[in-house]
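Database features, via TrEMBL:
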TRANSMEM  32-50  transmembrane segment
TRANSMEM  70-90  transmembrane segment
TRANSMEM  102-125  transmembrane segment
TRANSMEM  132-152  transmembrane segment
TRANSMEM  158-183  transmembrane segment
TRANSMEM  190-209  transmembrane segment
TRANSMEM  221-241  transmembrane segment
TRANSMEM  262-286  transmembrane segment
DOMAIN    262-462  domain 'Major facilitator superfamily (MFS) profile'
TRANSMEM  327-344  transmembrane segment
TRANSMEM  350-370  transmembrane segment
TRANSMEM  391-411  transmembrane segment
TRANSMEM  431-452  transmembrane segment
Amino acid sequence: MTGFQKEAAAEAAVVVSTEPEAEYPMDEGLQAWLQVLGSWILFANTWFVLPQPRNSWLFERASFLHTYHYTSLMLPRGLTNSFGIFETFYADSLLKTSTPSAISWIGSIQLFLTMLVGVFAGWFLDSGHLHLLLILGTFFEVFGMFMTSLSTTYWQVLLAQGICTGLGSGLLGLTSVAVIPLYFRKKRMIATGIAATGSSLAGIIYPIMLRRLFVQIGFPWAVRALTFLILGCLIVACLVMKLRPRSSKGTSLIELKHFRDFPYVVFIAAFTLMISSVYIPFFYIQKYALQLGIDEDMAFYLLSMMNATSLIGRIGPNWLADRYGGVNVMAPACFLSAVTLFLWRFTHSLPGLIVIVLLYGLISGGMVSLPPATIANLTIKQSELGGRMGLAYTIAAFGALVGNPIAGACLRPSGAPSPLVQDIQSEFQGTWIFAGAIMLLATACLVLTRYLQFGFSRGNKI
């Protein structure tokens, strides 16, 4: 037993004796599964991925601004997964005088704020203000979307959709991953994985809905229709979600004592590294396929295949994690992802790309659905869960901020487009090596987290 394990056991004994009896049983009951439903709704309407808009790869290069169409915390994520549809419309019509990189900042800022405000949302949760958090998040998100429907200039869209909606998504997004661990212990991982599927399904439905409504009723009313749908869903979440009874002490916005918990700190480092690397293939697969001569429709389907298998990948690994522990499952998943990323350099045919995108999507799904519940497992005092989770997400936001731009900077321009497979592979070589190397570092941090918490003794879940 390591020193950290002894300290955690002693602290757990104190917590058991001081926290009140739970009103609801763990891992079962209507109230627990209503939290999964509420979190499913929040996943659908907050976390997101920014898909590349049509032909965006034509103007993407190594400069920071032009590579800033990056992805987010949790694979095809609900509401703002639709930003690719917005971005194409803005570039073609509403904001056609703005540069593509300027337009991409709208979605980028929205994503960054969604993760950055996690520390504030965590403080609200730990203070027992769940419903205030839900109401504020719903207000900012819905108000931002309504104002987007009225916007006619770049700065209006940036303020409404980028900042206001981003703030709302951030307040709601942390809630979607922080409440479930309070109701589940043995089934914590699988419950989180089920909730995370909401983002994938909404990420399919919302873009199709918007694409049709833009043509049928125009941009303003299409956005309003989507906003009314979001409002109705969020009202349901506000009604069903509830915190468990627990001791509630005043907490600081940022508790410095959390940084003395070395396993937790090292896990945050692993989480940040994973976030900076895991979405790079989702961002560059279309560009890579197109340059290899694969037609545009099939390039789109490759991304869809990867998203589909990632949906499966967040259920299976989560089920295993309930049996063996989140870190114990994430570490080999990270290693396999790194191997897959390095192999991408040698893939050039359509059958090869299909195999590798299916594998990578399956492996990466667990890496984006397991961290929230794993942070809960690293938290002894459940009254501190919101703050610790929010702090982790706020720090990881900077990984999302820089990961894909650096990957874009690693692209080696080959001058005029070359039909030679070797030239195309050489152009992307730096990108795949960077992504794989970062994923290996994340693997090392996960192994270190395991060692600091329990050593290498068998039978311990973390």
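Every residue gets a Cβ built from N, Cα and C, even glycine.
TrEMBL entries are annotated by machine, without manual review.
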Should anything in the same chain at least six residues away from the transmembrane segment (431-452) have a Cβ under 8 Å from its Cβ atoms, list it; otherwise answer none.
2, 4, 262-263, 266-267, 269-271, 273-274, 276-278, 280-281, 284, 327-328, 330-331, 334-335, 337-339, 341-342, 344-345, 403, 406-408, 410-411, 462
Please give the sequence-distant neighbours of the transmembrane segment (327-344): residues at least 6 beyond its ends with Cβ less than 8 Å from one of its Cβ atoms.
267, 270, 274, 277-278, 280-281, 288, 317, 320-321, 356, 359-360, 363-364, 366-367, 370-371, 374, 428, 432-433, 435-437, 439-440, 442-443, 446-447, 449-450, 453, 461-462
So what's near the transmembrane segment (262-286) in sequence-distant terms, Cβ-Cβ under 8 Å and 6+ beyond its ends?
4, 49, 52, 57, 69-73, 75, 299-300, 302-303, 306-307, 327, 330, 334, 337, 341, 344, 353, 357, 360, 364, 367-368, 371, 374-375, 378-379, 388, 391-392, 395-396, 398-400, 402-404, 406-407, 428, 431, 434-436, 438-439, 441-443, 445-446, 448-449, 452-453, 462
Stretch-level contact, the transmembrane segment (132-152) and the transmembrane segment (221-241), CB cutoff 8 A, at least 3 pairs:
yes
With the transmembrane segment (158-183) as the reference, find which of 102-125, 190-209, 350-370 contributes the most Cβ pairs under 8 Å.
102-125
Given the cut-off of 8 Å on Cβ pairs that are 6 or more apart in sequence, determine whether the transmembrane segment (190-209) and the transmembrane segment (350-370) share at least 3 such pairs.
yes
May I ask you to check whether the transmembrane segment (102-125) and the transmembrane segment (391-411) make contact, with contact taken as at least three Cβ pairs under 8 Å and only pairs 6 or more apart in sequence counted?
yes
